[in-house]
Each structure stands twice: as structure tokens, then as C-alpha cells.
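The transmembrane segment feature in TrEMBL is assigned to 128-148, 216-238, 258-279, 286-303, 315-339, 388-410, 430-449, 492-513, 525-546, 566-591. Positions annotated as domain 'CBS' by TrEMBL: 651-717, 748-805. Residues annotated as region 'Disordered' in TrEMBL: 843-866.
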Amino acid sequence: MESEQLYHRGYCRNSYNSIASASSDEELLDGAGVIMDFHTTEDDNLLDGDAASPGSNYNMSNGGGAPSSTTHLLDFLEEPIPGVGTYDDFHTIDWVREKCKDRERHRKINSKKKESAWEFTKSLYDAWSGWLVVTLTGLASGALAGLIDIAADWMNDLKEGVCLSALWFNHEQCCWTSNETTFAERDKCPQWKSWAELILGQAEGPGSYIMNYFMYIYWALSFAFLAVCLVKVFAPYACGSGIPEIKTILSGFIIRGYLGKWTLMIKTITLVLAVASGLSLGKEGPLVHVACCCGNIFSYLFPKYSKNEAKKREVLSAASAAGVSVAFGAPIGGVLFSLEEVSYYFPLKTLWRSFFAALVAAFVLRSINPFGNSRLVLFYVEYHTPWYLFELIPFILLGVFGGLWGAFFIRANIAWCRRRKSTRFGKYPVLEVILVAAITAVVAFPNPYTRQNTSELIKELFTDCGPLETSQLCQYRSQMTGNDAGPGVYSAMWQLCLALIFKIIMTIFTFGLKVPSGLFIPSMAIGAIAGRIVGIAMEQLAYYHHDWFLFKEWCEVGADCITPGLYAMVGAAACLGGVTRMTVSLVVIVFELTGGLEYIVPLMAAVMTSKWVGDAFGREGIYESHIRLNGYPFLDAKEEFTHTTLAREVMRPRRSDPPLAVMTQDDMTVEELQATINETSYNGFPVIVSKESQRLVGFALRRDITIAIENARRKQEGILPNSRVYFTQHAPTLPADSPRPLKLRSILDMSPFTVTDHTPMEIVVDIFRKLGLRQCLVTHNGIVLGIITKKNILEHLEELKQHTEPLAASWYYHKKRYPSPHGSNGKPRSRVHHVQLIRSFQDGWGGRGEDSEDEEEVGLLDSSNL
């Protein structure tokens, strides 16, 4: 009966059953070759299965009185309690409990589906709800992405002028139907008027330049001011990229409101404003946040996901794939991005649903056709020259540059963000945004490569020069006899060098502002500028020195063998990889983004090199660095634990801390229980047998206890402050005048994860990472010593990072000595109240000397010493 109830409650681990199968305390404690005498008559009847045996101290009773084989006590806690199993804001979910709840729900549905047609229909709805929610998420993500792209393009062109024939047309659309445009000046038409033409009536001259300059700054500041005000007033969570927080949420952390409807609405509006303001940011990262907001909102339509936090994170993983799919037009890259970069738990069915969500989102975006080119990809390229083996050298050098840029950017941006948090400057986010936007607009306008939209800049840098191109980058002296660079190319080179310096500086100060700000496009722009510069240099080197051994085998006189646009594409991938440390997903995103599948080997070489170079300066990418800066409880699965500490060195309480707060299974009152909760701030409490026997029974969460007591007072009569609380199956024997007892067994986790005090921390960290635990109890021969939480592990990892070398183990694994079960007078020792590990050295983290002969001691303290 007991095992059946454990099974149906959803706790699927077997630590409690292993205790129940032992016949005596000696069998439980004879683990290290030494027997510790904890025997009392009370321990003989600990297990609920023995409650009906003769001599048992546990009998069913109605608030005291004669034992009864049946109960008419209102055991309301056998029914689900509203609120139990939920989580507070800024808390971590219990993955194991959530998965067990889902399996129990699934078993219940399967057991009922043959009872009636209605139950069968409900089972079909439950089975297909996962596909329905990702379909809705994909549809909404694609529609919002198309709306953002169209609005951002229109508002970006609004800084330069307006279309008189149709105000809702951007510059390109305004001139589509004009018959007065020429091929060389295809962007000039009578329907499009600059602000100088509208205000001053002239299109050329110093006055018109100053007027256009002023209007450009005015619109940039207006858009930036409106964006930061909307974020500050209505949705503070709408700022930033969102990917660090998405990664933290997918790891099991609760941030209420971060994926809510207000955040979605404000992020969509302010993302358009921030991009149109000309700040050095992109919309691709925030689009992942927008897609996850859609997934979170739609998940509340299906109880399967709304009532289970672990299942909801499967939807969010699929939503992040849809976000990258619509951001870059790269559905497969979006799935790989979700798998490699953001997801913490990614089962096979989530892979399928992520693929489907990305497919639906890409289909919707292609139907909207926001770019007007009938293509899904953002920067479609078509190169006519293959790459040659000798070009791997400059490709790898671009990878080195990307890794160095990534390491420099991460350190500089984190230092600036930390300074923003620690100084008064961070208290004025509106002023900071206005200041950065003003500097950006003032410096960007004179340079055509910084004035234009960053996505348009990248597209121009990726483009291969041909007879139809009018860009300065393609102004060669003769296209027929080879690519001999003309004055326009050298002028463009200087402007690109200035644009590179400007982008590097402004991106450092822009990422982290209180407006939606992505990092993909600015990083790709920096890499594309550097790559184009290197590509043109290689092209001219091959033209003037075609007889060098590097070129003479591939480059004939008058023939093109270098494609500068390819270098820009490789440089963009290298710089983005150096900042984010992505590899596989980045390569797939870039070749989906450009359609350049033939050039996947150069991309792989550059991205891998950038990761190696970046990892030499620090293994954390920009998102992991911001997670650590904000103090989010995130255990990175990519980080290796190489230290040799033990569980006892990390657990709480420590020697200088108060004793561990515990609850007993059947001798505490409601008043004592509430006093323990009010006097402490812990999120959970180990439940032990008694004050005399510290043996572990289970673990109860603070929130569940509070909700259960409040619910009992509302629904059950006779619950008083002095009512006995019991976590056992049957109520203890009480005097006849005692108030009705309160049973809290249904909220007790009777199989909490436990480790021994000698468990290496590398194993504990792996358990937390792979099982998603909130806490783990530390025991010694079945007796509770302390607790390790996710926060304790993160603090421990942070302490270890301060040391250049792994800490030596401060405990020996051999020569363990335990005190004799008998005292010096030959009599048995008194009953154990607490077990405390005593170190033979004073400092908390230092190791023993090589000549030390001290051995590990386990001090047994009776109740008089505590």
C-alpha cells in the first residue's frame, strides 16, 4: 500500500524504500566497517508499514482516543491542494518533480481514454496539444517578425525623408513605380523628398546638408527617447537582448512577467524604435525574446503546459528556434541555435517540435515578404569564383581577429555594465540612452557606411562586384583587364576603417542599454567590415603580384581569383563566433543567411579559430558573462569542474553557522511549525524521525507547508495552533482532549536526493546539471548533516575561480576513524542529537600539511551540547 501511494504521488526514486527494506539500524549504518549505536525502541516502529504491528506507537485516531481501523477524519490533503507544487518568483523549479507530475498525468489520461468517447477525445487533444502550441507560436513569431521588419525599414528611412505619394512607403518602395529614375541613381525619384527639400526647398548645398544632418539627429533622439520611456514605464523586462534571461529561464529559473503580454507588446514596439534610432544594435536577439513570449502566452491555453513548468520549457525551446528562424531566415540554424546555445533540456520530441515551429515561422515570414525580394534569406549572395586553398590563411587570420574582438568586447562590455550598476550613472537610464544615441547620430551621419541601416551595410559588404553594381566598393578602373582598384575603392577603404573603429566603440557602450538591443548584427557588421578590407587587400595583392608562389598557380593575369565579399562573410561569422562562442549553429545560420553553401569550409575554419582564440582568454561567451554579472542561478553545462573538494566543504550549515533547521515527523505543533518558518528564510526543511534520532524521513518545501496550513484552516475545522502536525501515514496516539491533528504527508518528498559527506563535488555538480535539482541533502550513515543548494554550488564555483590552481582536497579519503560506540567507562554513549564533522585545522579552506598525521573525526554531540 505504501509503495503504491509513493508511486501515484509521482516520487519515483527509491531512497526511502531502501531504508524501509533494512531490518535494523545496524544494517543501515554498517557502511564504513564501523557500527554506530543509534538503537532505541522508537526506531523499531519508524516505518509506516509497521504501524499496525503489535506494540506500535502509531495508531489511527480521531484527535485522540481509541485506535480505529478506519478513519472518518477529513483527510482533505489527499486531494490536490491549490498552489502546492507551484513556485515563487525568482526561484528554481524542481525538474524531477515536474517530470514525475507529467508522467502521472499521462498515466491518468491513458487509463481513462477507453472509458468513453469524450475521454478518448480528451486524450487526443492532450497528445496533439504540443503540436498546436508550437504551430501557434510559429504563426505569431513569423507575423510579428514581418511587422517589425517592415516598420523598422520605414522608420529608418523616415530619418532621411518622406514619400509624398504614399507616406507608408519606405525609400525603396516609393521609387518602385517612378518612371523618372535612372539606373545609376535608382534611389532618386520625384516622389521621395528629403527633409531639406521639404523645409528649405533645395536638395543640394551646405544648407541642405545641415538641415538633413539636424533632422537625422532629431529623429534618432526622438526614437531612442520614446523607446527608453516605454520600457521604463510599462515593461522594464523589455530591455536588452533577452537571450541571457531566456537561457536562465530554460535552465529552470522563474522570472514572472519576463515572458508576459506586456513585455511582448512593449518589446515589439520599442524594438522598432531602437533599430530605427540608428544605435549600434540589432533586432535578431530580441526576436528570440519575442518568440518566447508568444510561446509562453500560448502555453497557457493548454493545461498540459500551463500547469507544468518543465513542459512549458519545451515550448520555450521550440519558440527560441522559431525566433532565430525569422530573425535570419534560417530555420535549421534556429533549431541548432536552440540546441547548442539556449536550451537546458532538449529531448528528441522537442527537436521535432522546434523544427516544425521554425518551419511554420519561416513560411509565414516568406508569405509576408518583408524584404521585397521574394527570398527568405536576408543577405542572399551569389559568388562566381570558387575559393582556393591558399585563402585558408587569410580566413584563419580573420578567425583570429574574431576571437580577439570577442574577448576584448566581452571584457570591455562587462566592465562598463558593472560600472553602470555600481555608480550613480546607472540610475539615469533615459539620460544614458539619449547620450549614446546623440553621439551615435552625430558621428554616424558624415560617413555613408555608418549612416545607413546596419543590415543594408552588411548586404553591401557581402555583395560581389559586377557590371551592375554602383557602390564605391566596386569602382575599379577596368572590369575587363582585372580588378585594379580606383580612387573610389581607396576612398571607401578609409571610410570603412573609420566605420570599423566607430562600430567597435559604440557597440561596447550600446549593448546593455535599457532598450531592446541585439548583438548579432553589430558583431557581424564589424566582422564584415574587417573581412571586406582584408578581401580588397588580398585582391590587390594578387593583381599586382600574380607571379608570387601563392598566386601563380591559381591567379592568371587579368583573371579574378579573389572575392572580397566572401571575406566579408567569413569575417562576419568569425566575429559573431568570437562574441557568442557558437560553432555549429553559427555556420549553419550564416550559410542559410547568405545561400553560400559552397563556402562552408572557410566558414568552419574561421568560426573554429575564433572560438579557440576567444577561449584562450576566457571560456564564457557574452551571454554567460551577462548571466554571471546579473547573478542568475545558471549552471553552465559547458564548464568543467576540475577541483577536488568534497560535499561536506560546500554544504550548509558550516561550523560557524547556526544548526540546520529541521522538522520532526510527528511531534511538532502547527505553532512550532510556523515559528520555524517565520524565524528562517530557507526554502525547504529536512524532515527527520525525532530530535533523538536524526535519521532522514523526507523533505518539505516552505511554500508547500505554508499553503497547506492555510488551506487546512479554511477547509478543516478544529485546526488550532497546538494541533499536532504529522508527516507519517497514520496519526500518532494523542490524549483525548487534544485538538485534531494535521496530516501533511502528501506534501512530503519521501525520496529526496541525498549524497554522503564524502561525495566529490564534481559528482554533485554533475547531478545538479543533469537532473536540474534545487537542493541535495548531505548525510552521514543516514543522519542529516546539511544541505547543498544550487546557490551554494554557484558560490563555491565563484570562490574556486578566484584561485589560479585547483584547490587541494582538505580531507583525506583514507584512515577514517570513528568514535567507539562505548564511552571510556565502558557504558554505551548517550543518544546522538547531531553529527558534526570536525576539522583538525583552523582555516576554513586551507589544506593540511604534508607531514600532518591528523585523521578525520566525526564528533557525536548530545542534546546538551547544542
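Using N, Cα and C of the backbone, Cβ positions are placed for all residues, glycine too.
Automatic, uncurated: that is what TrEMBL annotation is.
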The transmembrane segment (525-546) in contact with the transmembrane segment (388-410), cutoff 8 A, at least 3 CB pairs, sep 6+: yes
Touch test for the transmembrane segment (128-148) and the transmembrane segment (286-303), at least 3 Cβ pairs under 8 Å: yes
Closest-packing stretch to the transmembrane segment (566-591), where packing means Cβ pairs under 8 Å, from 216-238, 286-303, 315-339, 492-513: 315-339
CB contact flag for the transmembrane segment (286-303) and the transmembrane segment (315-339), at least three pairs under 8 A: yes
Maximum Cβ pairs under 8 Å to the transmembrane segment (492-513) - stretch from the list 216-238, 315-339, 388-410, 430-449: 430-449
The domain 'CBS' (748-805), counted residue by residue under DSSP: helix, strand, coil: 23 helix, 18 strand, 17 coil
Stretch-averaged pLDDT - the domain 'CBS' (748-805): 87
Intrachain residues whose Cβ lies under 8 Å of the transmembrane segment (315-339), provided they are six or more past its termini: 130, 133-134, 137-138, 141-142, 145-146, 246, 249-250, 259, 283-285, 287-292, 294-296, 298-299, 305, 345-346, 350-351, 353-362, 364-366, 375-378, 520, 582, 584-586, 588-590, 592-593
Non-local residues, at least 6 beyond the ends, that sit with Cβ under 8 Å of the transmembrane segment (430-449): 213, 216-217, 220-221, 223-225, 227-229, 232, 277-280, 420, 457, 492, 495-496, 498-499, 502, 506, 509-510, 513-515, 529
For the transmembrane segment (216-238), sequence-distant contacts whose Cβ falls under 8 Å of one of its Cβ atoms, 6 or more beyond its ends: 155, 158-160, 245, 255, 257-258, 260, 262-263, 265-267, 269-270, 273-274, 276-279, 429-430, 433-434, 436-438, 440-442, 445, 451, 513-516
